[in-house]
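Below is one structure, written out as structure tokens; comments come after it.
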């Protein structure tokens, strides 16, 4: 099979597919795992529901039928990813010379409901980021516990300062951080794209404190910037736990994840006067339209403030309703 244009053995097509995704398409490890599961799922569907036809005979209707079945039990965004996986699988087979075309290209992804992310105010973002520094009853002060607390503070500061995706953050190695230049190099961005992101002064200070304490966590994984409690590379789940552990006192009505700080970074930059194109580059968006959703969120907030504050913004009926309350 082909991997990035070169022929490979057919003995293990799944390993060859993984190599193609890594070398030929620049797909990140977690996404490769998801694509492999999706492709196996498609293979099982073809075997059980479509008569076990060879891949060369699978057409767009087969792919659509598989997607329709998955849509009964999966979210639209998940089904959209499964279609992307099917397209990658057939492209892999096409490059290997096993199919003539890519039938998944003719199938359309399900339309997603337009959902704007939960908006954190500047005060709320600061409260979340400052969480590890708040006094807590029973907190230990030994070297390892202190290193974990400083790590958590650095993780939250960097998420908010640089707008990193959580997968990008945990993939950072120590040499990727250049505090002397005030930047970090993202080598495993979405789509395999590399970029350089700014690191703000507060984040740099938090990182310096963490790096001074980091040896207390070292075990075998010396390359990773952020280490877990056992000394290995901090995982996505580990970052999610850090964010969850520092949400006390946030009156936003629901739990949030690491991506909320990426959203906050983008909206706060735009509210502060940053241009859309610069924010696009910092976030690593391939399309400007993806970045524009943050502009819409910012405008929604501005209009809400306007309606509440401007003396001529509200109707007489709304003023009467307020007076009766």
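Placed from the backbone N, Cα and C atoms, the Cβ positions cover glycine too.
What TrEMBL lists as active site is 165, 190, 259, 262, 285. If you look up TrEMBL, you'll see 294 marked as active site, O-(3'-phospho-DNA)-tyrosine intermediate. The feature domain 'Core-binding (CB)' is assigned by TrEMBL to 8-94. Annotation comment: TrEMBL describes 115-307 as domain 'Tyr recombinase'.
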| note | Reduced to three DSSP states, the domain 'Core-binding (CB)' (8-94) has 67 helix, 0 strand, 20 coil
| remark: residue 262 (active site) falls, by DSSP collapsed to helix, strand or coil, into helix
| message | Applying a 10 Å Cβ distance cut-off over all chains shown, what neighbour count does residue 262 (active site) have? | response | 22
| field | residue 165 (active site) versus residue 285 (active site) - Cα distance in angstrom | value | 11
| field | Integer Å distance between the CA atoms belonging to residue 259 (active site) and residue 165 (active site) | value | 7
